[in-house]
Amino acid sequence: MSYLLALDQGTTSSRALVLDRDGQVKGAAQQTFAQHYPQPGWVEHDPAEILATQFDCARTALERAGVAASALAAVGITNQRETTLLWERSTGRALAPAIVWQDRRTAAACDRLREAGHADTIRASTGLEVDAYFSATKLAWLLDHVPGARARARAGELAFGTVDSWLVWHLSGGALHVTDAGNASRTMLFNIHRCEWDETLLALLDIPPALLPRVVDSSGVCGTTCAEVLGAAVPIAGIGGDQQAATFGQACFAPGMAKNTYGTGCFLLMNTGAAPVTSTNRLLTTIGWRSRGETCYALEGSIFIGGALVQWLRDGLGLIRRAEDVEALAASVPDSEGVVLVPAFTGLGAPYWDAYARGTLFGLTRGTGAAHIARAALEAIALQTVDLVAAMDRDGAGPLAELRVDGGAAANDLLMQIQADLLGVPVVRPKMLETTALGAAYLAGLGVGMWSGIEELASHWRAERRFEPVMAEDRREAAIARWRRAVERARGWVAA
């Protein structure tokens, strides 16, 4: 049994990869699923569609790999984080659509928590800013709006979970209601110092403890799949939120190492070791992973709109036919000619945390063309990352020596060069871009003893290309100053 199955449940698609012990992909499958926007600021997924696409991908990947489920050493799961589900324990049926991490419907509830003076208490316990991004206020909203939900929750009839919990519940035939420490740390309900659910915060939001999953290590066997799902009972031995899994897959095992994932959003995580670093610059202190009871912490900066900006150029503006076309279009001009795009379509994440910022486009002239807007879009992705690195540096977690990158948009050579230029440090792209799924596989493999430890895993990591900064310092500083001026104008655009 030398194969691993990685289930990668993302924001826009479900993926599954079968990997061998060398981290080589033997079979893969991917399916997209529908995004639902029932009201402005709302983003939902169909929980049943999440399951259907993920499990179908798992079976297809095994078939393409020519690997029977009985030959799997373990299953690892990685998932879109913070997305919130509520279901019946008796049937496993979801009571409402999944509220996606991008959803802003609880922004006003977060305002009330801040106005009541709870922000410092929440930050001290969870390491998080009070924001609609996280699960806590989403869950409270479901309990308030699904008829009878709070009473049923108190009676122990309902279960809450992020996507990992939802998948494990159904993989195990309802036998397991668990989440890993990293996913738990994204709920705004988990004390990251004591590594347990915070009773004070549960009481504050009137969330019955009976709803909550058991918190387990990110690496280690927590149970098995039921044979009906995959065709055999397979140990479930790895669970990690997508960004934690990507950090693990990038072998960022030493304090000070960092990776940025360019997906729907962009997520920069820096390993801070066995001790949490409290940010004074509105970054998130989070749990990277927990193995054998030992916790590794990280600083995180979350960008809400990353690759989604390229999708908007394609679907919203019609400037490109395919997402890959943005590189050639942006490369057709030497710079953006002063055009600045602030992609605050759903507000701004770290380090601003402004739910009322909105997307803005500055510096347009009669000479502005599609190529300038495309280039400004790539620059916006890179400049948001610059803001995060600067905040980490101020928090004492830097200076950054190099940035490891992954995610779909990391394949864009122009974006990676722009990123290196604006950061002023090398950007390193690995040979294996599927680092999120790889991280899930690594966590699972470690959990069943496939590797001796993280040192052996680190030796597997290989760079594909290194992008060195070539931009002059004065041009870099001018671009960053122009960007920050634009961000200030975009902030607070809509009324609270």
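Each Cβ is built from the backbone N, Cα and C atoms, and glycine gets one as well.
Tyr133 is the only one of Tyr37, Tyr133, Tyr262 that Swiss-Prot places in the glycerol site (with Arg81, Glu82, Asp242, Gln243). Binding of ADP is attributed by Swiss-Prot to Thr11, Arg15, Thr264, Gly408, Asn412, and within the candidate set Gly223, Gly307, Gly367, Gly453 the record adds Gly307 to that site. Counting only the Cα atoms, the space from Thr11 (ADP binding site) to Glu82 (sn-glycerol 3-phosphate binding site) is about 11 angstrom.
Gly408 (ADP binding site) carries a helical DSSP state (H, G or I). Neighbour count (other Cβ atoms within 10 Å of the Cβ, all protein chains): 19 for Gly408 (ADP binding site). Comparing the binding-site residues Thr11, Ser13, Gln243, Thr264, Asn412 on other C-beta atoms within 10 angstroms of each C-beta gives the minimum for Ser13.
Under the DSSP three-state reduction, Arg15 (ADP binding site) is assigned to strand. Take the mean position of the Cβ atoms of Arg81, Glu82, Tyr133, Asp242, Gln243, the recorded glycerol site; other residues of that chain with a Cβ within 8 Å of it are Gln80, Thr83, Trp101, Arg186, Gly241, Phe267, Ser302. Of the candidate binding-site residues, Thr264, Gly307, Gln311, Gly408, the one lying closest to Tyr133 (sn-glycerol 3-phosphate binding site) when CA atoms are compared is Thr264. Distance between Cα atoms for Gln243 (glycerol binding site) and Arg81 (sn-glycerol 3-phosphate binding site): 8 Å, as a whole number.
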